[in-house]
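What TrEMBL says about this one:
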- 1-21: signal peptide (SIGNAL)
- 29-315: domain 'Plant heme peroxidase family profile' (DOMAIN)
- D71, V74, E78: Ca(2+) 1 binding site (BINDING)
- H182: heme b binding site (BINDING)
- T183, D233, D241: Ca(2+) 2 binding site (BINDING)
Amino acid sequence: MAINNSNCLLISLSFFLIAFASNHANGEVLKVGFYHKTCPHVEVIVKEIVDDVISRVPSLAAPLLRMHYHDCFVRVTEKDSIPNLSLRGYQIIDKVKTALEKSCPGIVSCADIVALVARDVTVAVKGPSWEVETGRRDGSVSNITEALFNLIPPFANITSLKQGFLQRGLSVKDLVVLSGSHTIGISHCSSFNNRLYNFTGKGDTDPSLDPNYIKNLKKKCPPNDQNTLVEMDPGSVRTFDNSYYKLVAKRRGLFTSDSALLDDSETKDYLKKQGINQYGSTFFKDFGESMIKMGRVQVLTGNQGEIRKVCSRVN
């Protein structure tokens with residue numbers, strides 16, 4: 001999900017799992033229907049806005065989904081350092097927040113909005129649905145240095161990827177399942193250009209990539225190209241399906257971290273099974289389960305943190 005290598009990428013390849021807060025919950029747990037009494041129409045309001053936005057600008061589905069992966073939205077306020085498409089993602093979250101503040105002021109956290117939007121944009125591009133647990137609080141810190149420190153880069157190898165997920169209580173299966181979200185979205189050439197022209201510093205290409213795929217990418221991305229956009233899953237960039245796994249199995253994963261899934265027996269076995277056919281795949285079911293699990297990572301609840309009035313800055 002990478003757009004480029006600038007700070008806090010909203011369409012970045014990796015699952016930059018930066019929590020909305022720095023501490024674990026204080027004994028309270030997330031639950032489905034947390035706002036049942038205090039803001040009963042929260043999910044209806046979010047869905048209406050998401051459906052309207054994605055029907056007009058389907059390319060926003062990817063950055064809005066990625067936002068839930070790394071949660072940089074509420075930890076970084078320096079908007080000038082964020083790519084333009086990411087700024088549009090901010091605007092959608094702010095639009096949802098504004099609507100919810102009119103309906104039930106001071107009740108729904110930005111962290112929960114991001115989680116609900118991630119589910120709804122996935123559904124809007126023909127992906128799976130899942131029940132979103134809510135009850136998160138927003139952090140009172142917005143720190144770009146912390147955000148960058150917690151990023152899992154697109155050039156990570158399988159060891160780094162597994163460690164990054166395990167450190168957050170997520171499994172190897174979660175890693176390969178959540179990687180499947182790369183079926184939607186685009187990336188700047190700068191996020192993978194080294195694989196095409198200077199992989200080891202000797203002007204060579206990445207041997208883990210299909211040579212024909214390299215030829216096609218070179219036609220789109222000249223050396224040192226920083227601006228051209230490339231589909232992460234050609235032909236399926238706006239449809240959430242299992243085609244990502246088919247591409248990776250053919251050594252056509254755009255990022256190093258995509259190709260790295262072939263370097264582990266568990267991840268390799270999963271992606272090959274999911275790529276066999278759409279109807280025999282368990283990917284949709286697995287994705288919903290992994291998203292729920294990821295949504296529990298290092299959240300604030302109860303009296304911790306705050307409920308932001310504006311999502312792009314602390315109160």
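Any Cβ shown, glycine's included, is placed from N, Cα and C.
Unlike curated entries, TrEMBL annotations are predicted automatically.
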Long-range Cβ environment of D233 (Ca(2+) 2 binding site), under 8 Å and at least 6 residues apart: H182, T183, I184, G185, S243, Y244, L247
Average model confidence [pLDDT] within the domain 'Plant heme peroxidase family profile' (29-315): 88
Around the Cβ of H182 (heme b binding site), the count of other Cβ atoms that are within 10 Å: 27
Neighbours of T183, D233, D241 excl. site residues, C-beta within 8 Å of centre, Ca(2+) 2: G180, H182, I184, S236, V237, T239, F240, N242, S243, Y244
Least buried by Cβ count (within 10 Å) of the binding-site residues T183, D241: D241
